[in-house]
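Below: the structure, in structure tokens.
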């Protein structure tokens, strides 16, 4: 199995292909990407037969920006007979996966695939039973075993394969299912909520998104991102010349500062989070974020970088490299992740966490 399917946002196939070609090449896993515009997926075909498996084992999925999900597959199954689609699929997976922990029958995230998605949901139940009988799936779902993927690109036409549960997206089609809260001031609130799900392990939420933390929201108006912080019982400085939603001000947890987010300087020394979703050139935002991190004005940050029309992967890579270089120059240890989230449009969301080492004679924090 030498092919890797990567699901992405429709319209960003070229960026997804450029990224996987670059990052696979850095690990000396060479191949080429097959790209069909607005299809919502990319196929990276490795030159060596076992390199697909090697790629999804060795390259951290968390290091990918434009891929929502990935899995290794074999040859395309075509012209599945309508009276028995199950037998050929089971045959393709036997000897490839043994006692898989979960089955996902998926499609790309396009308008054309919506009808096909309905079929996938109905088809999952009988296929799961057949795969269990064949030993491809375990008799019960387990998160420690590989995930079996059946990816339909057209009716009667699918790829079959697997991903590793410790190096993939835990979400079906790579998309967290989030509900827009009616009391939130704007739909942008879902970007920050999704970022928390993607970047912060669920078992660390109580510690890292804790009650009583202090946070700053730069470019906050009308308060979509502030809402997520308030919902987690944080105290928030919302920085924007534009007005904040009255519902947020009524909580008593929000201090509205009518200032330019680029000029604001915090006066507190215990700010846990800084978040930022400003419409500005990505290089300018990256420079501001680096300044906050280098000066230790926050422990963690989530921010958006708006993408240009062309060379989007190159632009994001350049901005992330700039932030990393600034941190390195000042001897700061940090973890950087970036992802084009489901709720992002022409942008990517970045998470940076400063990590303080325990050094004798020095406080752990700042």
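Heads up, the Cβ atoms here are built off N, Cα and C, so glycines get one too.
Among the candidates 203, 206, 277, the residue that Swiss-Prot names alongside 188, 221, 222, 223, 224, 240, 260 for the S-adenosyl-L-methionine site is 277. Once Cβ contacts within 10 Å are tallied over all protein chains shown, the recorded positions 188, 222, 277, 306 are led by 277. Secondary structure from DSSP puts residue 223 (S-adenosyl-L-methionine binding site) in coil.
Among 188, 221, 222, 223, 224, 240, 260, 277, the residues given in the record as binding S-adenosyl-L-methionine, the maximal Cα to Cα distance rounds to 20 Å. Neighbour counts of Cβ atoms within 10 Å were taken for the binding-site residues 223, 224; the minimum is at 224. Long-range Cβ proximity for residue 240 (S-adenosyl-L-methionine binding site), meaning a same-chain Cβ under 8 A and a gap of 6 or more residues, is found for 217, 218, 219, 220, 221, 256, 257, 258, 259, 261.
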